[in-house]
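**Student:** After the structure tokens below, expect a handful of questions from me.
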Amino acid sequence: MVLIRVIANLLILQVSYAQKSSELVVGGDECDINEHPFLAFLYSHGYFCGLTLINQEWVLTAAHCDRRFMRIYLGIHARSVANDDEVIRYPKEKFICPNKNMSDEKDKDIMLIRLNRPVKNSTHIAPISLPSNPPSVGSVCRVMGWGSITIPNDTYPDVPHCANINLVNDTVCRGAYKRFPAKSRTLCAGVLQGGKDTCVGDSGGPLICNGTFQGIVSWGGKVCARPRKPALYTKVFDYLPWIQSIIAGNKTATCPP
């Protein structure tokens, strides 16, 4: 596993500059090693994303993180040194909304993945519950991931970084982005004065509001952490019926329009 990690880290450094600046944690600090047992790391030939473990067999991420080959690390903190309970899994099944507009990666940016083998709860592996209610504007939200921690030049940390941001009204994001979709099941979150944001490498990771899993890192501005440029997160609550149907075995379930 050590050799795999060394090769993976070198590849990440080689290609990470080519990733879009819509996926990083800027303005944060190293996450506590015990605060993210639900956070997973997706790696594919130098490309990487975050994921969220929602039960022993299923993870959620962004649809635009989909790749042909994916290795999923659970129980991970430092990419260079494995935790004792760290495990690797692969997708057994992948589900993207069948009614998604595939020409628009912002549309229905959610993917449900069934792991090839279930994981067991341990010190650094445990699922987080799906939301029972949507979050309220003003909520304090936590973002986390292995994305770049500097702008405009990218610097990728060995360990995940965390930052607190705020859930703001959708009108802020609609005013900030000219191409904001007319129908968007997203959450708008950030720090209006700038300085903290998600961006390159954090796509697919969780948005935790008041301790509840509410969003999936989706997209944002070309340059991260700019004033009045919050990022967009897929609103997990709106997709609960689809998620629950797929897990229950209804593989033809569709997402809300």
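Just so you know, glycine gets a Cβ as well, placed from its N, Cα and C.
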**Student:** So, in Swiss-Prot, which cysteine from Cys31, Cys65 is disulfide-paired with Cys49?
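**Tutor:** Between Cys49 and one of Cys31, Cys65, Swiss-Prot records a disulfide, namely with Cys65.
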**Student:** In Swiss-Prot, Cys255 is disulphide-linked to which residue out of Cys97, Cys141?
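**Tutor:** Cross-referencing Swiss-Prot, the cysteine bonded to Cys255 turns out to be Cys97.
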**Student:** Going by Swiss-Prot, tell me which one of Cys141, Cys162 is disulfide-bonded to Cys209.
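**Tutor:** As annotated by Swiss-Prot, the paired cysteine is Cys141.
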**Student:** Using C-alpha atoms only, work out the spacing between Cys141 (disulfide bond) and Asn153 (N-linked glycosylation site) and round it to an integer in Å.
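**Tutor:** Between the alpha carbons of Cys141 (disulfide bond) and Asn153 (N-linked glycosylation site) there are 26 Å.
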**Student:** Do you know offhand how many angstrom separate Cys199 (disulfide bond) and Asn101 (N-linked glycosylation site) by C-alpha?
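**Tutor:** Between the alpha carbons of Cys199 (disulfide bond) and Asn101 (N-linked glycosylation site) there are 23 Å.
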**Student:** Return the single residue from the recorded positions list (Asn153, Asn169, Ser203) that has the minimum number of other CB atoms within 10 Å.
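**Tutor:** So among Asn153, Asn169, Ser203, the recorded positions given, the one with the fewest Cβ atoms within 10 Å is Asn153.
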**Student:** Sorry to bug you, but what's the C-alpha spacing from Asn250 (N-linked glycosylation site) to His64 (active site, charge relay system), rounded to the closest Å?
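**Tutor:** Just about 23 Å between their Cα atoms.
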**Student:** Specify the nearest of the recorded positions Cys31, Cys65, Asn121, Cys162, Ser203 to Cys209 (disulfide bond), where nearness means the distance between Cα atoms.
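**Tutor:** For Cys209 (disulfide bond), the spatially nearest of the recorded positions is Cys162.
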**Student:** Reported as an integer number of Å, what is the Cα distance between Asn250 (N-linked glycosylation site) and Asp109 (active site, charge relay system)?
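**Tutor:** Distance (Cα to Cα, whole Å): 20 Å.
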